[in-house]
Amino acid sequence: MEEPLGQVLQTVTCRLDAAGVDNPRFDARQLIAAATGLSARSLSLHPDRPVSVAEQEVLETFVRRREAREPVARIMGHRGFWTLELALNAATLDPRPDTETLVEAVLRNIPDPDIPLRILDLGTGSGAILVALLRELPHAYGVGIDLAPAAAAMAFCNAHANGVGDRASFIVGSWGQSLVGTFDVIVSNPPYIPLSDIATLEPEVRLYDPALALVGADDDGLGCYRALIPDAARLLSPGGLLAVEVGIGQADAVAALFTAHGFSVPTRYPDLGGVERCLASVSGGS
Ligand SMILES: C[S@@+](CC[C@H](N)C(=O)[O-])C[C@H]1O[C@@H](n2cnc3c(N)ncnc32)[C@H](O)[C@@H]1O
């Protein structure tokens, strides 16, 4: 039986609230918009618009998934990041707004966006960082690496879907191990959560982001930095830029790894919450 939109919004909001979802009304609007083809913003303007049985069936599958704490972006299959729309699959991290701090930090360190740069993204996932940089730097060329073949494949699709596919290559491999040659910019948002912290994460992260994208090696979660910073030191051109994302409270330890491998003392960039989220430094500095 058809039901009016206003009532459907109320019911879905209550169900998501009962399931422990943060911002249940916001998510309810996203799911209803996707099921009906209306825009989320316009829903409140049409409380009497009937929701058909077919639309309710689609909505029901979305709501059940969200009640199981699957993030809306995964249910929809895509996520907005920077100026991009990125497709996701089970092997890709759902890109976080905090990671835009890294994109901004790199762009701040590039004096002329028209310089033809070679960029390497270690642990590219959906391709979020690399594709965002290639969109902003029209003469840059990029390589993205990921240990997960399905992530590298998704990044390839995202590069093409966002108009930079002809300037990007994607490789399956571990950090920079298989690479020779030099890059002007190396970026990475590696897994950095200590294994002992995983159980404390929200179900949206713990159950749906791939473990390979979350769990940092070694007890302190810093093992991936220990592996990739030496690769970056070997692969960066003199004066090249290394920028990495770090977790809360990790900036001091990762900064020490930078300087131990010949990088200058890194500049720290806070995210919108004031957390030191990105470190960036040039190679061969003092
Ligand atoms: C935190 S996610 C970041 C994904 C993406 N760059 C982003 O910022 O949204 C870390 C990525 O590193 C990849 N990864 C884990 N271990 C790796 C390794 N040894 N070599 C290359 N990539 C690895 C994971 O598959 C995952 O895609």
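Every residue, even glycine, has its Cβ placed from backbone N, Cα and C.
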According to TrEMBL, which candidate in D112, D114, D146 joins G123, T124, G125, S126, G127, W175, N189 at the S-adenosyl-L-methionine site: D146
Euclidean distance between Cα atoms of P190 (substrate binding site) and G125 (S-adenosyl-L-methionine binding site), Å: 10
Filtered binding-site residues, from G123, G127, D146, W175, Y192, whose Cβ is under 6 Å from an atom of ligand 1: G123, D146, W175
For G127 (S-adenosyl-L-methionine binding site), the one of P190, P191, Y192 that lies nearest, given that the binding-site residues are compared by Cα: P190
